[in-house]
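See below for the structure under consideration.
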Amino acid sequence: MKFAEHLSAHITPEWRKQYIQYEAFKDMLYSAQDQAPSVEVTDEDTVKRYFAKFEEKFFQTCEKELAKINTFYSEKLAEAQRRFATLQNELQSSLDVQKESSGVTTLRQRRKPVFHLSHEERVQHRNIKDLKLAFSEFYLSLILLQNYQNLNFTGFRKILKKHDKILETSRGADWRVIHVEVAPFYTCKKINQLISETEAVVTNELEDGDRQKAMKRLRVPPLGAAQPAPAWTTFRVGLFCGIFIVLNITLVFAAVFKLETDRTVWPLIRIYRGGFLLIEFLFLLGINTYGWRQAGVNHVLIFELNPRNNLSHQHLFEIAGFLGILWCLSLLACFFAPISIIPIYVYPLALYGFMVFFLINPTKTFYYKSRFWLLKLLFRVFTAPFHKVGFADFWLADQLNSLSVILMDLEYMICFYSFELKWDESKGLLPNDPQGPEFCHKYTYGVRAIVQCIPAWLRFIQCLRRYRDTRRAFPHLVNAGKYSTTFFTVTFAALYSTHKEQNHPDYKVFFYLWVFFCIISSCYTLIWDLKMDWGLFDKNAGENTFLREEIVYPQKAYYYCAIIEDVILRFAWTIQISITVTTFKPHVGDIIATVFAPLEVFRRFVWNFFRLENEHLNNCGEFRAVRDISVAPLNADDQTLLEQMMDQEDGVRNRQKNRSWKYNQSISLRRPRLASQSKARDTKVLIEDTDDEANT
């Protein structure tokens, strides 16, 4: 592998600009070589002066890069030292509390089952668990910094070696010895000491001296490009997707030849539509994950996933393919129900019952940690006012806004099975009398409108909670206003529908109000998508017209196509309303909803790419590469004060004025070293050495 590719694959994305600009140096060298005057047409002194002038410029650029790297490394090292002192402080406090309560200095007592612990012991147990996670993330940050150190030194060595080869000189090697090999970022070995001390603390204080268990906890995932999935996972993805495609073709033929034309099919479509949307969402999320990895968007950090254990795009494809097969088989079973002894209404219940069991399965199988993470996140979303809202929380709530049809179809299924289904009839399609009342699919009894508002309500209260935590009216209250427009839209749509059915003369008033609020909501959400969520139309965009100053994805056309797509699908409701109002054929609304629901999932799929890109660029601006985890986090007031200081011109950016404050703060974090630190061992991450000149 060429070193340029190796560097690109192994850098920490959030620190990209702080690495040696290896490609720029290569371009300088090759450009100088191509533009050099030929000895055949000019004298030798002119050639020497040309290369001397170039070398002066080249080494000046090297000095700037070296100064940049030294400064960044020193800042991150100081940050790591402060963080380590804080973690030591918290660990020692936990040990002291435990010593006072139990008289035991080790943590072996916590192995008692959690449900047998007192309230104080439960709190202590959670603190120890949080400390383990905090040390694990801190260790990852140390390895990333050590990787930064090694990659930059290798980059200087490679580019100076290339310089000497092209210019046929040894001044590059001399410059490396004089400047690079004595640079603080290379000579400072404190990072190795911190790594060793962290291993010792985790081994002796948190894992009772079991180094193997400690190192398993601290294990760092491979740094660099996404690792290939296991062969069996790849095989299952191909197998499931292939079977799913074949079954879909079979479904089409079965629908044409087996459906009974004297029965309405809409109960069946409404019941199975939600399952299809969920499968589509999982598959598109797999494409999202693949695209983020390829572009260097660190979604693992953004969602605060465990970097040592999370689902890859292949795992998501596997789950989507497997559920897709079950969905197809269940629907086929409904088509062939007349020749089966099993009642038709059993098949949808079996399908969705299995999906629910797959999610809540308590055994540590079938991606247990990922399922538990999702359940915990869903709990946080539905109890939003009582928790601080993180990115993953409001991201999932946004996904639910695009999957509202699933909730409405779930409500319909419950209502249908409760009130409209004829349980004594087991043949044919799910029975539904076209001439009889069909109130489950209408707004008549009010529940449907409430269910339709649930996703928007979740985001609305999340925005209010974020305003409570930060006291910032913009963007949080303004964002809450955006979601509140959904309440008016749904309310007037329900009033229009019910009044029109009952032939009230004022139904047109509600229709105009419905259209008016649809326009307001679409304009509001469209502007928020493009400007706030995606960060586009930045006045400092420069050559990236109508975009932003920095973009991650390689082609500008992606952004322009996404803007057009978002405009079209945000106003797709105009087609739905136009056709529904002007056409009096039955179930036209169902047909339009069935067509546009997958398109809304696709719109959210595109939205995900640029929303996470914008969040990734925010992390890059803060050089945030790992999760911030603490047993004693800042309270809301302290967090707000810190954010305000960061926004001020004389805040944390002005390091000279606040040096005394930082010094005092670092002093307050000091604590006598734990005894376990004297047993530290060295641990290094080996960076592939690409010495072969052909690979540079």
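Placed from the backbone N, Cα and C atoms, the Cβ positions cover glycine too.
According to Swiss-Prot, Asp424 and Arg627 sit on opposite sides of the membrane. Of the listed candidates (Arg371, Arg570, Arg627), Swiss-Prot assigns Arg570 to the same phosphate site as Asp398, Asn401, Lys482, Tyr483, Arg603, Arg604. Here the Cα atom of Arg603 (phosphate binding site) is found 13 Å from that of Trp573 (site 'Gating residue for phosphate transport'). Listed in sequence order, Pro455, Ala456, Arg459 are the same-chain residues six or more apart from Asn401 (phosphate binding site) with CB atoms under 8 A from its CB. For the phosphate site listed in the record, the two most distant Cα atoms among Asp398, Asn401, Lys482, Tyr483, Arg570, Arg603, Arg604 lie 18 Å apart. Arg570 (phosphate binding site) counts 19 other C-beta atoms within 10 Å of its own C-beta, drawing on all protein chains shown. The average per-residue pLDDT of the prediction over the topological domain 'Cytoplasmic' (384-388) is 90, rounded to a whole number. Stretch with the largest number of CB pairs closer than 8 A to the transmembrane segment (265-296), among 229-259, 389-422, 507-534, 588-626: 588-626. For Asp398 (phosphate binding site), the Cβ neighbour count at a 10 Å cut-off comes to 20, with all displayed protein chains included. DSSP assigns Arg603 (phosphate binding site) to a helix.
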